[in-house]
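Comments concern the structure below.
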Amino acid sequence: MDQSGVRNDAFGVDKFGLKNLKAVHWNLGTAALYEYALRNGEAELTREGALCAETGEFTGRSPKDKYTVRDALTDKTMSWSTNQSITPEQFAVLHADFIKHAEGMTLYAQDLCGGADPKFQIKTRVYTELAWHSLFIRTMLRRPETAALADFVPELTIIDLPSFRADPARHGVRSPTVVAIDFTRKIVLIGGTHYAGEMKKSVFTTLNFYLPEQGVLPMHCSANVGAKGDAAVFFGLSGTGKTTLSADPQRTLLGDDEHGWGPDGVFNFEGGCYAKTIRLSREAEPAIYDASLRFGAVLENVVVDSQTRAVDFDDGSKTENTRSAYPLDAIPNASPTGCAGQPKNIVMLAADAFGVLPPIAKLTPSQAMYHFLSGYTAKVAGTERGLGSEPQPEFSACFGAPFLPRDPTVYGEMLRKLIAKHNVDCWLVNTGWTGGKFGIGNRMPIKVTRALLTAALDGSLRNVTFRTDPYFGFAVPTALPGVPSDILDPINTWADKADFKKTAQALVSMFRQNFTKFEKLVDADVLAAAPDARQAAE
């Protein structure tokens, strides 16, 4: 077996059971991985310098193919109503078959860390069949110093083999695609999909399992920090604006997707960003646009001109879920440490497909807990398999239910205590539709959202007049300099006022119906923060 690159020979592939490999390339850098990816025909070089790969059939995550081993560790700690299980015996067979499948292969190995705070990070080794996958995960996780690689011992090991096909009868799964996690052995097996995002979300899921026991709240969020050290956290599902809104030139970027909130403050889990690029423009998002085109960026399913190799971010013919992975330091104002103090503001982003939520609302602590557990947004086409071309309303607990091994109330109660302890202001922001529901109205102008967020984060929004929303009970500003007053009250943007009322009542009913599963698990003040039952659809 040929090996190249810096590595810990005392803890090599044999420790994972890998054998009879053709070669292993350890901890290769960007240029070398470009060479292998291009030589292997895995990807193409774009005119501006980014590497572009296609993921084929799978252009998003496959949540129905994700499994966790149910054993003594997880039996009482996992939420099995929202997570699928396999037995230790089934995982052992699957693991052995992965090892067998890898024989004769050339693998790429990266030794990385999940978590910017050394006290809470997890050392992660990732074996990939594809060179571009190795570049992707090297970009997305945090890289240790080169000197640390010689004695690197992983706590978590991931092996990603897109050419592997699971056998449902043999492995206890539903299809040839599989993402299987064993928290006891700290092993993740990914097969049957080229979608690189499965790797990063597997690390996130692992941290979501272990960190609560260490007093750290793991969060599906972006985060940034102001000049005065005032950190802000942005919750939201894919497509709600986490990446876009946290990339504020006036604030330092911590990260765009995954963070922990611990005793010392907020810290990024990652070392890169994973931005949606559909209709990305330099005019609207210059920092993300430039970062996505530079040498070292990895593009997924973006259309590239076959002659000029120019990138077309407006073309969604392959998928709406086109993506760019780029290192955090590609953003001019990114934090070099990935760490900040305690947050001053929490923002919950919702892409409201019904167009009835206001562009911004201030939440009480109880309302914040309610909306965090509700996790309302709209699924956007392409970020998961099986969705049509239209967004679908979704309630995803903690704005990240697919990644939560434990019961959502574990994370919700942690958030509530942290908000109270640090006196955090909480906001709900609609980045979805205004002037009507999807298909009738328009997407909320990003300039309006940015203006409202700036006012919230700099404290000036505390000094304006608020009204109480008749449907949801939260406080909504009535006017703000530089923002059209009509847009602040959604009914004013609808041509058909009766249809607005009917649609708002329907959404109230959806909120209340969704929350029934939490009613016996939360305090009375959180229940009282629900939308007004009298406004629910009859």
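We number each residue from 1, going along the chain as drawn.
Glycine residues also receive a Cβ, built from the backbone N, Cα and C atoms like all the rest.
Remember, it's a predicted structure, so these values are computed and weren't measured experimentally.
All chains included, 25 other C-beta atoms sit within 10 angstroms of the C-beta of TYR195 (substrate binding site). DSSP assigns TYR195 (substrate binding site) to coil in the three-state reduction, outside any helix or strand. Positions annotated as substrate binding site by Swiss-Prot, on the basis of sequence analysis: ARG61, TYR195, LYS201, ARG323.
If you look up Swiss-Prot, you'll see LYS201, HIS220, ASP257 marked as Mn(2+) binding site. Taking a C-beta cut-off of under 8 angstroms and a sequence separation of 6 or more, LYS201 (substrate binding site) has the following same-chain neighbours: ARG61, PRO402, PHE403.
A sphere of 10 angstroms centred on the C-beta of HIS220 (Mn(2+) binding site) encloses 26 other C-beta atoms. The annotation ATP binding site is assigned in Swiss-Prot to LYS201, HIS220, GLY236, LEU237, SER238, GLY239, THR240, GLY241, LYS242, THR243, THR244, GLU285, ARG323, THR449 on the grounds of sequence analysis.
Excluding LYS201, HIS220, ASP257, which define the Mn(2+) site, the same chain contributes LYS200, PHE204, GLU258, GLY400, PHE403 within 8 Å (Cβ to the Cβ centroid), listed in sequence order. Other C-beta atoms found within 10 angstroms of the C-beta of SER238 (ATP binding site) number 24, with every protein chain shown included.
Most other Cβ atoms within 10 A: among the binding-site residues ARG61, LYS242, ARG323, that distinction falls to LYS242. All protein chains included, THR244 (ATP binding site) registers 24 other Cβ atoms within 10 Å of its own Cβ. Secondary structure at HIS220 (Mn(2+) binding site), as computed by DSSP, is strand. ARG323 (substrate binding site) sits 13 Å from THR244 (ATP binding site), counting Cα to Cα.
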